[in-house]
């Protein structure tokens, strides 16, 4: 769904869908002066999403509740940070909101659940409070909250460069493709720790110059498998972080072993900093059949699993 970001809501309540993402490509190029890593990524939205309900109030206060008792609803939550940030853009200092999160994306899974929730909050309150910020303005705000937030706002299939906030569209891909996504529910991986571990092991090989960064970006742009990206030409998935996470994380190895056993899987990889892993299928029906045929094996593995179609957009208003 395309959102008119300047559209003002006449209602006192609305809901926003916040989809997860996977990394079809994640390449660590080097280290930036601002302390972040320089990345070359291809990210894809999938049809696994959180739902966030917003109710407008007039007391200037912002509150957050969730159906997940394990989720912090304090000031460290990106939803509250996003709400407080966009509240500063409103000319009405009395605007407030009661926010409720229905959590479906697993936490600490490399799926940008927190970033997508932040993006959904920017979109929801931009409309509910009548602020009228444009897509570019919201993406700029989002980049202050996290590197993945701009992608989550736009969604679909995007090149993500810089620390992840610099987006470039790619030619339209075959949206009928789908994934089986799996994760050990007892395991989380810290994204900062994953990058720190990668730097510790591979830092001596980092590129140093902008012209070298750009050569790697262009190499990704020119990759033959992107045109077309479809079931006859699946992507040769690459995730540099997998090189450091997989050897020391049994949950990742277990997930990849399970996925590799599924009939019809085209390619597989870890997403983001993990521990979630995914296998790509030609279509959703094929993914569902493959998973259903392996329910007993899935139960024995201790993994949670989802079948998710590729999604052509990011956060969207719930109609």
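A Cβ is built for glycine as well, from the same backbone N, Cα and C atoms used for every other residue.
Residues or ranges marked as active site in Swiss-Prot: 21, 148. If you look up Swiss-Prot, you'll see 106, 107, 108, 109, 110, 111, 112, 113, 114, 115, 116 marked as ATP binding site, on the strength of sequence analysis.
Known features from Swiss-Prot, placed on the structure.
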| residue | record | CB count, 10 Å |
| --- | --- | --- |
| 21 | active site | 30 |
| 106 | ATP binding site | 22 |
| 108 | ATP binding site | 17 |
| 110 | ATP binding site | 30 |
| 112 | ATP binding site | 29 |
| 114 | ATP binding site | 25 |
| 116 | ATP binding site | 32 |
| 148 | active site | 28 |
Alpha-carbon distance [residue 112 (ATP binding site); residue 148 (active site)] in Å: 7
DSSP three-state assignment (helix, strand or coil) for residue 21 (active site): strand
Cβ-centroid neighbours of ATP site 106, 107, 108, 109, 110, 111, 112, 113, 114, 115, 116, 8 Å, sequence order: 20, 105, 272
DSSP three-state assignment (helix, strand or coil) for residue 116 (ATP binding site): helix
